[in-house]
């Protein structure tokens, strides 16, 4: 592959993985299997490793999770809620053990093993023993404030046995018996049932009415101590024992293992015992027990090096494939999906499974009428593993992908170096609808309340056909749609109006220009500052910008060399949509009259004059970056009253420390 082709593929993989992360971690509505996600991630990691010049800070390969919903207030975690690396077999566990021992130079190590609860990760904050705030994991950096819903969980103490200030992490879950009862009630009421206990727990905690969560009989296991003031903890097992003494519910099935053989035995034991539990688990978490060794091993941007999650193999069942359905995405990619005779897999009824592309169908020789093996990778997303050839009768029908789009009947093409078939008709209704869904999404124009269901209704009612049509919607039109009342219609009109003020990069990303992801959109917006400047740019000018390759430059020029696009931009202007970049330019950071420009800052302790969130906003507005933990890259620690371990770490590493008074003096310069 040429460098341009490599860069193009990397951008496509990043966009794809960001979408998958958003669907899985934020919407609780995954669209692909773990296996497909892992294949794409491994391809991205391989390409980035071989082409380090294309590695970016916001690549899914170094980032945790995806974006946060706007239903609840946003909460920035004091320290990131990192995800864990995965192990799928004994060899992966032994590799983990080898890496750990190499990282600590042969020092004796012991592990602590815990059941991996399949629920919703949450963070709980206590001040002087009182529960003051609880939040979801979100994207690992920012979560949602769900304090009132968490207070309904009886396993969460509202007051601890000691007046300590701390932050703990845990997993909120729904017991199996509660899940069965809830779905029976929903079926009786004619309501849609939850797919699994994890979705039920997540859905319950995202209800705006705490009374609903209170009826759901949720529970929670605390699995870690993120921060504590005035106490030194030397091991993870000590932390769990201490948390149990404070009144938290910790899982009793944890075990200290002196060797990796003992770890493997523990994994095998609980793989057998798993069905006997009254809650879902999807694996085993293995951690280095000693905190000092954890610190020596450190973390990557995505996960700690001292812990790993062993994922149980997925349950496999056999069912009949009755048909293949096609869907068209916003870029014209046509994706086949298997239609199955309903079968129960990992606790839920499965009727459909992704087949990904024509090559996979051909490689696995999948035919209509075949009996196929189906599993839920990660116990979540259905996929066809293989065909049961012994069950073939000769009546099965070979499947051939169509030559024309199933939506608009235009001819399909396979572009060079792609496995997917594409519809290249820009007027294809399916592409327009999917493009509209992308335009309003979180990383684009971020219009709250305008999701896939509403877009589909608006599209089918012929109220919208272009992005600009959204800004001409009226409350009266919305009131004609299903499930819209006066308040919801007014709220959506206000949300659409508010999106006009977005910075240029969101609009550029929302337009869906081929090869232009969220990062490239920001780079373009920052460089050109206005839409008009970008529209006038030539290919050579674009290629001169760092991170903009030849393929992307060609795509941008081609996109804006279209009368329909220019008309769309004029419509945006007529509706008052912002066309300028509102962020701080990197080139201007050095001119900001502030110490903070380009610096990494950590806030700790209580600030009297302003809260930490306000201080964070001020620092970031002045070009600084605020993180939740002290590291070698930290330039400054601002310490308020009752500053804890972060202050001690700063002193240990000779990092500059300010009190609040010094901080305020700098702000007032």
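Positions of Cβ are set from backbone N, Cα and C atoms, glycine also.
Annotated in Swiss-Prot:
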type: BINDING; residues: 34, 35, 36, 37, 38, 83, 84, 114, 137, 171, 287, 311; note: NAD(+) binding site
type: ACT_SITE; residues: 116; note: active site, N6-AMP-lysine intermediate
type: BINDING; residues: 405, 408, 423, 428; note: Zn(2+) binding site
type: DOMAIN; residues: 591-669; note: domain 'BRCT'
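Features recorded in Swiss-Prot, as mapped to the structure shown.
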residue: 36; record: NAD(+) binding site; CB count, 10 Å: 18
residue: 38; record: NAD(+) binding site; CB count, 10 Å: 14
residue: 84; record: NAD(+) binding site; CB count, 10 Å: 18
residue: 116; record: active site, N6-AMP-lysine intermediate; CB count, 10 Å: 22
residue: 137; record: NAD(+) binding site; CB count, 10 Å: 24
residue: 287; record: NAD(+) binding site; CB count, 10 Å: 22
residue: 405; record: Zn(2+) binding site; CB count, 10 Å: 23
residue: 408; record: Zn(2+) binding site; CB count, 10 Å: 15
residue: 423; record: Zn(2+) binding site; CB count, 10 Å: 24
residue: 428; record: Zn(2+) binding site; CB count, 10 Å: 21
Rounded distance in angstrom between the Cα atoms of residue 36 (NAD(+) binding site) and residue 423 (Zn(2+) binding site): 23
Cα proximity to residue 423 (Zn(2+) binding site), best match among recorded positions 38, 84, 116, 137, 287: 38
For residue 137 (NAD(+) binding site), the one of 116, 408, 428 that lies nearest, given that the recorded positions are compared by Cα: 116
Reported mean pLDDT - the domain 'BRCT' (591-669): 80
Residues close to Zn(2+) site centre defined by 405, 408, 423, 428, Cβ within 8 Å: 328, 332, 404, 406, 407, 409, 410, 412, 425, 429, 430, 431
Inter-residue C-alpha distance, residue 38 (NAD(+) binding site) and residue 408 (Zn(2+) binding site) (nearest angstrom): 33
Mapped DSSP class for residue 36 (NAD(+) binding site), helix or strand or coil: helix
Top Cα neighbour of residue 84 (NAD(+) binding site) in the set of recorded positions 116, 408, 428: 116
Residue 116 (active site, N6-AMP-lysine intermediate) versus residue 287 (NAD(+) binding site) - Cα distance in angstrom: 12
